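Feature list (source: TrEMBL):
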SIGNAL    1-24  signal peptide
TRANSMEM  504-525  transmembrane segment
DOMAIN    608-660  domain 'PAC'
COILED    648-675  coiled coil
DOMAIN    661-735  domain 'PAS'
DOMAIN    821-953  domain 'GGDEF'
REGION    968-1042  region 'Disordered'
COMPBIAS  971-989  compositional bias 'Low complexity'
COMPBIAS  1001-1029  compositional bias 'Low complexity'
COMPBIAS  1033-1042  compositional bias 'Pro residues'
Amino acid sequence: MHRHCLLLLLAVLVLLAEPLPVAAQEARVVRVGVFPLPGFNHIGEGTVSGYNMDYLEQVALSAGWILTPVVLDNWTDALRALDQGRIDLLGPALHTPDREKRYLFCRYPSGTAFTALVTLRDKTALTYEDFAAFENLRIGTAQSPFWQQNFAAYARRKAFTPPPLLIFNDMADARIAMRAGKVDAILGNAFNLLDDEKLLAKYDPAPFYYITTRQNQGLMAELNQAVAQLKLERPNLENRLARTYLARSYQTPLNREELDCIATMPPLRVGYNPDRKPLSWRDPATGEARGILPDIVRLAGRRSGLRFTFVPLTDKKKELEEYFAADAMDLAAGLMYQNPLGQLTTQRLSAPLLRSSLHLYVRRGKALTPDKKFTLALLEGWRGGGRYVRAAFPKAEIRQYPTAEDCLDAVVYGKADALLYTSLEVTCLLTKPRYKDITFLTEYQDHEDDRLALSPAMPPLLLSILNKTLADLDEREKSQIISDNVSSIVAPLSLADMLYEHRAALLLTVELVLFLTAFAAYAMYLRRRSRRAAQESERRLTTLAANINGGVLSLLADPPLHIAQANMGFWRLLGYDARPKEDALTAWLHAEDADKLRAAMHNKAATLSLELRLHHSDQTWLPVLLRGTPAHEDDGPFPVFHCVVVDITEQKNMQEELEQEKERYRILVEQSQDIIFDVDTEKRQFQCSPNFFAKFGREATPLFNGGGRPRNGQVVHPEDRPALLELRRRVYAGEHTVFSVVRIPTAEGRYIWCRIQVTRISKEGAPLRMIGKIVDIDEEVRRRAELERRSQRDSLTDLYNKTAFREQVRACMPARPEGDRTDALMFLDLDNFKELNDTLGHVVGDMALVDTAEALRRTFRTVDVMGRFGGDEFCIFLQGITREVLQARAEAVLAALRLSYTREGQKVDITASIGVYLFTGDESSYEEALQRADAALYYAKEAGKNRYTFFDDVADFENLTSGFHAFFPDTPAESAPTPAQEAPAAAPPLQKTAPRRRAPVEPAAAPSDAAPAAAPGPDDAKAPAAPEEPAARPTPPAEQEP
């Protein structure tokens, strides 16, 4: 007994020790440190919002985290909490060498922060970038060497003497001192800007990161993966959050010169179109300018201090240049300018006041090809519209009309095929009933940028003032202006509109009155015929019973089921030409059906409806349907049922065929690799084949919610919801078969690319019924993405090929040097590579090229672009780098590429020669910069190899290597040569030998399938240069019929 108890106890302990799979799958709970920081962290009563939490919520969706905010007092308290393990994650953190030793930084930045000099808004004497005034300011900041060094470097760049900084414990203490009058301004980052403060200077944008302790390696790995995926799937997230929460960080205030210009500026006359509702129009009652554009200009005036008056441009044929030449106005509002079409204008243009969608409006169902000949309605006086049409639709025949409503009427009545206009102006008119069949072409869409054109007589400083003011306008105020003006022009329906809208109801009313009149007359006529109809009714009933596919009979509910009465149709149904002697139905009724019929007839009040089998005279069983009701007036011992018997042989055969067809359909669906689905919008039902579960590991998401409305969430990827809505719209619009490509989530959260085909099977006027199929095209999409990547890479080294490298550099041009930082090209050539190939063979040569590529990846940053031009030539493009750092990189490359290779007792040493070109910003093309880097490389080769040379150190290059310019005739000759920059190792002295002629570096034509992509590499430094662009999202196949 004791032994059995021990065994039982041991079994219980084993069960308790078994790990629970649910616990292993629990989501990670991440404690996030938050502290008061305007815009970034907003801490309310029990809630935390702002840039920080919105960004981390997107990260948590990808990483599967559960976020728990921990509220702290300030940044210092937050760092202390991170060190003590009270929180797991903290941001925003600027990168410093000291912090990198203490904490783990996310591999990718999560936004950009600016250094800002801030003062109180009521200090009107202090203005933006007034450097002379900065020298006398009392400036407070937090106790960090970073701010002092940062401000000193800024002062050197702007050529003013920085005043001594007053150091406080943190920015909160510095802000208290500023409000107490102890300091005039505080130095920190732009996150800290409050509503009663203003910017005096803004500089040095730097990326910020999320950090954790060095013990949280797993957490940081998940964060790196989630942020990388977020940058691929939502590349605009950081910009959108910054514009939402940190808008003031992106504002650029007016400086003293601009404020003085505003103070002396007289009222500016703004010309506007008086007939473009709701963009701009002239109020007939007051004569004032109204509309979206005038209101935005007035808002800009209130923000900047500029004064505006408005001048209507009534002459629609007069160009703006004529108005400016006549000094009739200073500015023109609403000028359309489309740079992509190559349109030129002689005016200086401001930033856009408004951007509105541009569509081609046609009658619903109208087939129109924009690149073919068609008739286009255009509004008179739309300045820039005619030039746009001639550039975008060269084959269109233009017909101008005075108003937008006249243009729409021309489309409705067939005088024009289409109308080109903005959605803001047309949408208001489409509410009218007669335009209900007008829609826009989904195949064509553009936008109109409405800008301010400046007269040549206006000072250049005015354009800067306008652009800064327009950039700082609150988007919510602009949206309110648009809403107010659109709602103000929506007029109530006129009598004509109401008659047009309710024409069907009016016609129905007239028809109803006529019907009632005719009905009354007809009722009187029927009354006179009622007696004759009653007499004829019995005869008709008898004839009808004789002609149905069956017969009628009266049946007693006694055990033999005697037939009281039956017509000849019943007996002919059984194959008899005359009534037989037997009068009991059981003589012809199947035994099993007889018991069933007696049980049904036992209830006198029941209505009979049974399928029975009757014995035919040809010895077969005939399936029939018997329907009957009891005769309540009969007082006999057994109740009597009056019945109708119908032959259902054909229906039985059809039912069997239908069951066989359904079984074949079920087998076909189960054996198909595609997923078949059926949608019934009337019943709000959605059915899907079992293949869905096999493909996605879950049941299909219902397309309708509990209220019967279509469901959008959790059906496809969030970015593919517009495609899903467009598919529904096209089906509801009447298209027979529609295709679309979307991503559908699996049970594990992964998305699979699928092509959806939907076919409308309901008849016109009937409730919508659709069937379709889902085809897995995930492998095709991902294979196409891999092919795109391979087209840009050198097959041997996996570096960018020559064409992809050129496109990467061109995308970053022109260079914009800032201080001692600029962009650079490093052209590299292996020394003795030909000897290596000739002596040890091409296999060893290829090995040397691969080793060279690996050495370059270890030496350069992930943001640096590295490419192989073919042979032993490599090129590296570096952004935002100083000359000193570049020298260190060149020396590191020389050291890394001192390689030796041995085979079969033979040894060959290789080194590298490097030419370096620092961009100055005046390069006319990528080819010019590449020629200069190649010239420096040529000089390094001639100087003895195994060294690097800067292009600006090469002098009198034309006399020393006259043969080189034969390959680059456009390369300017330099003056006398200077010694080349050498590697730390000893190099042979310069020998005056005949120059080696190198083939010129010429750009190659880009292949059609080439596309830029970022190469992976070591994250060796956190530089202020822009982060590496994430890889392009795989491009799905075109949404068309297969």
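Including glycine, each Cβ sits where the backbone N, Cα and C put it.
Automatic, uncurated: that is what TrEMBL annotation is.
If you look at the coiled coil (648-675), the same-chain residues 6 or more away from its ends with a CB under 8 A from one of its CBs are 611, 622-625, 688-692, 695, 773-776. Here the domain 'PAC' (608-660) is broken down by DSSP into helix, strand and coil counts: 12 helix, 26 strand, 15 coil. The average per-residue pLDDT of the prediction over the coiled coil (648-675) is 79, rounded to a whole number. Counting residue by residue with DSSP, the domain 'GGDEF' (821-953) contains 60 helix, 48 strand, 25 coil.
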